[in-house]
Structures are given as structure tokens and as C-alpha cells.
Amino acid sequence: MSRAESGPLTRFGVPLVVTGAAIVVGYLFSVGLDGYFVYLGMSAIVAGIALLGLGVVTGSAGMVSLCQLTFAAVGAWVVSGLNRIGAPGGFLVWLVCGGIAAGLVGVLVGLPALRLRGINLAVVTLGLAAAADLTLVQIQFPGTVDGVSVERPESFSDDRGYFWLGTIVLALCCLLVHFLRRTRWGSGWQAVAFSERGTAAAGASVRTSKLSAFAVSAALGGVAGGLLTGQVGLAFPASFTAMQSLALYVLAIMSGAHLIDMAVFGAVLWVAVPELLKRWGVPQDWGFVVFGLLGTHALTTGGNLGTAVRELWRRRSKEAAGVELTAPPAEVDVPPPGEPVLVVRDLSVNFGEVKALSGVHLAVPSNGVLGVIGPNGAGKSTLVDIISGFLPQATGAVELDGRSLNGLSPTRRARAGLRRTFQQDRVPAGLTVGAYVRFVARRRLSSSEITEALEFFGCPPARTPLRRVDVGARRLVEVVGHLLAKPKVLLLDEPAAGLPHEEHVALGARLRQVPARFGVSVLLIEHDLDLVRSVCDTITVLDFGQVLASGPQAEVLANPEVLKAYMGETELL
Amino acid sequence: MLQGALAGLAAGGLYAVLAVCLTLMSRLVRVVNFAQSATGMFGCYVAVYLSVHAGLPTWAATVVGILLGGALSALLGWIISTWLAEADIGTRSAVTVAVLLLLISLSFILFGNKPQPFHPILDGPAFSVNGVVVSQVTVVTVVLSVAIAVGCRALLGRTSFGLELRALSERPTTAELMGIPAKPLAVAVWAVTGLLSTLVISIVAPSQSNDATSLSMLVVPAAAAALLGGFRRLDLAVVGGLVLGMAQGAVAQVDSLSVVRYFLPFLVIVGLLLWSQRKEVWDVAR
């Protein structure tokens, strides 16, 4: 089985071909369909672009946004305002301006949301939607009162032509979202939805990830609003109510709008459900009741249409991918450890009355592996948290290559060349192995470089989706990503947890080669003494938050104090 | 200005009661209930329908409406505590967004989207201060909000029932292992907040803009008030509601500031969130 990702031709060619095909189909629809369906289709296109935006913010980045149509209203406002004053450039330029303006408003609303998550953002956006609702009714859109209707571009001036323009804009927006999701931004959205700490540890800014998701979503909303204004000619507040924003949100959750095809399908539902109800003589308000019921169902069961369909598709072929660490790795020359590259002095932290760590000194040699061991609750993970910057209240000094890291955020420390992995699963399931490794590595990597590193650790191939990778293997993929970032030091927090015991030693043999192969020094926290013995030249033992012993492996492991702390007194008898 | 502020006090009392309900829900059953006021709205609308079309006396119709509001809320609570017992607060609250949508559109279907012909339950002035009239509605809602907050606090702090509720909210699994009936208690909290919000909306709705959307969106200023207490403290929630109502009333006196009035709850929400979360950095402890 090939471990490589698909080539650039497939990665760029296929989406472009699909977009071209969609535009052709749009043209065929625009000339072939009945006039009424062209009108309905246009409404679906507008909803589709708005849903695409919601897919980014709620689906990918995991935030609750309840004001998508408020952003649409900003776009509509800008388009009708520019039309009213006869601004140069024509409709298409105004449409882009509308999108940009909505994106900026998105940034403004998103700024307070940076440190807010989940439900607080929902409160903020609902508040904005409600306020905008009342305000729009009072001040109306420019040109609406005096009846100046928005001029469409000349070549798309009739309804059929405008529908085709709509499909082109929709197709381009889909293409944009598709490629954005494959950039660092897009990986950042997935990562921040899964874990903020994991995102920061990969050297990505949590702030940028959240804000870019919100801005892209708002900009798409703005484009939808501008397009709607061109369709109707005049913008009315009734098109942008808080109610409809809520319904779009529920629809986005229900259909799984983070998947592009599902956003388009959701848009078809948005138009088809009320239309069908109308044909059956049922009041159209039942449409929202249907959405409400389906949305409640989707939220309580935690599933959505898009993933359900995909699960059906995949079920036949594949099962979970794991680690294959059987064969011993090829021998390399292990150079002797050098001068300390990471030095920690007098590190202390208290949680309330509890002294979690006090006065800890340690040094990680360059080209070496330092093992940190100790019984449960000795403060090992706290130590990693402090060194990587997640506990700013800690005192003491952390120096990397002679440079002080004190006061730097986790993101800055990661960028400075100090990386860490987590004991818990912090790997976002929405990405492929390759995309995640590229995201974590933060530098240009060739496919062969990724393949080689994955093979070395026995990880699944780069194109496997992480959701099909078992937890033990995910944590090794995390290790691979951080190693490919070529940091100066990598802190590994129990990398073997989640692997079967017989593979611990095989992993150890590979970790021992890490300094030689990747040029990275390692601080290894581990419970498994066999693993530590096979990897570490020097060992530091923690007990009750203090350094109990430190030095060459044999010396430390023979220390009776260490044996007592580690094995318990009875074992010594 | 004073006249406006006192006129806004009725709305303030309404916000305060709803904020107390939101705070209780968030503390005790881990939900920010976006459908809090929509449930109340729906109960009131049914009451109006019963009194106008079915000829029930106003008081009887109102009682039925309040009971219905409580029952609706209990049903929602039962659904959430059955299927989302272990889910985080975000997922649980997102369900109530769908329910908010459902209740508003259902009321459009059943009752149309015009304001309803409410019969006021309370009418007329209670007393006047410096020539500024304070209505009975104002007095009752303000007293009610304070009474509910004090009552809930006493219940939670002094009774064994309250102790069980707090245990449930702080350590749900441990509480269940100790034999505290988690689900019935949670549903009871939902029912009580449903009853309270329907009650206070029935009192204030006749003298407010009372279309379905406006009444349902009362959850926004209520959330702003609840945020002042950080969704934890009942006393601050009441203060927040009353102050917000008075501020809105005062601003409403000036025509040029009407847009500010609409944005007031939003601005309060943003400001409070920024202040309260200025130190919190990470999504999980480790």
C-alpha cells in the first residue's frame, strides 16, 4: 500500500474540474429550468453561501454562531449603499466590498469571542442578531425607502443570467472554502475545535485560528446578502431576521455544513421544504418546525446527515488503523550527548496550599534523551506544563539554548523550538494524518520526508483520516509531527501509553535514535521502567514535587532512595 | 430621565426573574436555556387563546398557561437529561437553540405573527414618586424577582433538598452514586423555571411589545443580567436585570438614542464577558 498523499495534480486538478462542471451545470439549469425554479434556485444559492460560512465557523472550528444573516445584512447594506451613491466598479466589485465589510464586522464581533468559547459566543451572537433585527427595521437599507433598486451586471441582467452568475459565485466560494480548509488556517480551525491547548502546543495561534474562521464565515455571509440584494433589487429587513439566522444555524448542524456538498444540500432543503409544504397546502411556518425537530434530533444524537451518509459509504471498506512496530529499526550511530540545551532552574508552582513542584533543577543534554520518572502525583506532567508555558504562575527559570523563555506564551515557546506532546489525545479527528503532520510541523515538508518519518514510527499512511486511527497510533502521529518541526527539544509525556506493552521496547529503540535521526533532544516522561532503561542515558527522579536523584542511568536506578520511592518499601524487603 | 428609568423598571423586573431562572439552570442542570423566555411566551399565548376563543376567565386561562409553560420546560428537560446526560454545557444548550426556533415558528402557525390581545392581569398605578407614576406591574415584578432570588437562595443553602441539588450540580456522578435521584431532580428544576418565567411573562406581556419574537428574544437581556452574576450569583443577576431595564428605559426617553437602546444588552454582554474572562486562558485544566 502506498503511504504517499495524493499528488498535486489530483489535489488541485480535481476541485478545479468539479468547479468547472458545476458552472456548466449551472448554465444548463439557467437556460433549461422553468422561470419559477430559476427564482427558487437563486434563493437556494444565497442560502448555500451562508451555510458554507456557517460550516466553517460551527462545523470546522466548533463555535456557535447565531447571527449569520446579520453578516448578510452588512453585505446587503454595503451593496445597496454603493449602488445608491453610484459607486464605480459595478455590482461585482460591490459584492466583493460587501463580503470584505462583513468579514471586518466578523472580526470586530469575534475579538471578544477570542477568549470566549462555546456557549458565550452563542450569547454574544444572539444578542447581536436581536439588536440588528430591531435596528434594521428602524433605519432601513439605503435606497429602499426611495426605491432605488440595485443594478445587476449587464451580461447577467435577466433572472436566468443572474442565476448563472449566482452559481458561478457559489462554485467559487466552495472552491475557496475547499482550498482554505487545506491551508494552515483550515487545519488550525479543526485543531482549535478539538483542543486549544493542542493548537497552541503546535505553535499555532489560537487567536488567529478562531478569528480567521469567524471572519471567513462572516465574509461568506456578506456575499450571500449582497447576492440576495441583487436578486430582489431592494434589501428588506425581513430577509435578515434573527429567526432565520437561528434556522440556518440549526440547518447547518443538522446537515453537517462543514462538508461542502452538505452545505449545498442544506441549501436545497432550505428552499425545498417550505416549497413542498406550500404545494401540499400546509402553512410554510411548519418548515421551521421541521428544521427545529430535526435539529433537536441531530443535536441530541450528536450526528448529522453528512457524516451519516459518509459512514454508510465507508463502512464496507475499512477498519481502524493502528501502529505496526514489529521490525527493529535500522542501526544508526548514536552520538554521545553534548552540552545542556534545555536548562530548568529552581522551578516551583503551588496550587492553593499544595506544593506541586518546588525547586526543581534539570538539564536536557543536546543530542541526548533525559528520562524523568517518578511515582503517580510526583509532578511530572505539571513539569511539562510549566516548561511549555501552560502554567504562567510558576516561578523559576527555563532556558532554551541560552535564551530565557520566561514570560513567553505556549505558542511562542513552540515556535522558539520547544515542543511537547500530551498524555491525552489532542489530535483533531477531522484531518488526515498528512495534513495534521504538516500543520504541526509548521514548515515545508516533502511527501517523502513525511512518509519516511511515519514509516519509522510504524504509523498509518499519510492519507488516512485521523478519525480511523486508534488512540495509541494518534499519539505517535503527534510525536512524528512535532519531530518534523525540527525543534531543539521535544518533551514527550508518556508517549507509550495506549500502545500494547510488547511494542514499548520497539518504540524505545526508535526513540533512542531520535537525536541522531532528527537532530532533536528529548525529555521523556514515562512510567515503563523497561522503556526508560532502553532509551535514557541520564535520568531525573521526581517525588512529591522535588528532585530525588539525578544523573547517569545506572547510578540513579541503583540509588536506594529511588527504589524506595518508586517501588514502595515492601518490595525492598 | 427618572420617569424613563422607572418606566423601564417593569421590564427590569422581568429581566431579573428570567436571569434568575437562567442562573439556576446554568448552575443546577448545566444548560444555558435559550428557550427560557420562548417557553413562557408559548404558555402566555395559549392562555390568551383560551380566554379569547374558549371563553375561559382570564385568571383560569393564565393558570393553565403557566402550568403549560412549566410542562413544556419539563419535557425539554426530560429530553436533555435522558439523551444528553453526559454531554457538555455547549451541546446541551445548543439543543435549546433548536427548541427556541421550534417554539417561535409553532406560535406563528397557531396564533399568527401579530401581537396578541392580552387582558392585563394587573393594571393601573401603585403609587407615585415626585409625580412619576409607578405601576402595579412594576411593583409586583420587582418584588417577585427579589423574592424568587431570596427564596431560591434559602432553598439551596438551608434545606436538604437544596443540598441534594447542589451536590447534583457540582458532582453529578458522585451524587447519583449516593442515591440522589438525578433525573427527577433535573426535570423538577426545568419545570420550576418554566413556571416562573411563564408567570412573570404573563404579568408583564400585556404592557410590553408582545409579539412572539420580541418575547422570545427577552432571553438576550436576561442573559446579559445573568452574566453580571457570572451565571452563578442570584443577587447580582437580579441587580443586573433591574439596572439594565432602568438603563433601557432612560435611554428610550431620548429619540436619537433608540438604536443604542437596542444594542444595550449586546454591549453589556460583550463588556461583561471580556471582564469576567480576562484571566482565563485555556479550555481545559490539563
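Note that the numbers count up from 1, one per residue, in the order the chain is shown.
Cβ coordinates are placed from backbone N, Cα and C, and glycine is handled just like the others.
Heads up, TrEMBL stuff is auto-annotated, nobody curated it.
As recorded in TrEMBL:
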- A:342-569: domain 'ABC transporter' (DOMAIN)
- A:12-30: transmembrane segment (TRANSMEM)
- A:36-54: transmembrane segment (TRANSMEM)
- A:61-79: transmembrane segment (TRANSMEM)
- A:91-114: transmembrane segment (TRANSMEM)
- A:121-141: transmembrane segment (TRANSMEM)
- A:161-180: transmembrane segment (TRANSMEM)
- A:213-234: transmembrane segment (TRANSMEM)
- A:246-273: transmembrane segment (TRANSMEM)
Dominant neighbour of the transmembrane segment (A:121-141) in A:36-54, A:61-79, A:161-180, A:246-273, by Cβ pairs under 8 Å: A:61-79
Tertiary contacts of the transmembrane segment (A:61-79), as residues 6+ beyond its ends and Cβ separation under 8 Å: 50, 53-54, 91, 94-95, 97-99, 101-102, 105-106, 109, 113, 117-119, 121-122, 125-126, 128-129, 132, 136, 141-142, 150, 189-190, 192-194, 209-210, 213-214, 217-219, 221-226, 228-230, 235, 237, 239-242, 244-246, 248-249
Tertiary contacts of the transmembrane segment (A:36-54) (same chain, 6+ residues out, Cβ under 8 Å): 29-30, 65, 68-69, 71-72, 159-160, 162-163, 166-167, 169-170, 173-174, 177, 216-221, 223-225, 227-228, 231, 248-249, 251-252, 255, 257, 260, 263-264, 266-268, 270-271, 275
Non-local residues, at least 6 beyond the ends, that sit with Cβ under 8 Å of the transmembrane segment (A:91-114): 63, 67, 71-72, 74-79, 82-83, 120-121, 124-125, 128, 150-153, 169, 206-207, 210-211, 214-223, 225-227, 230
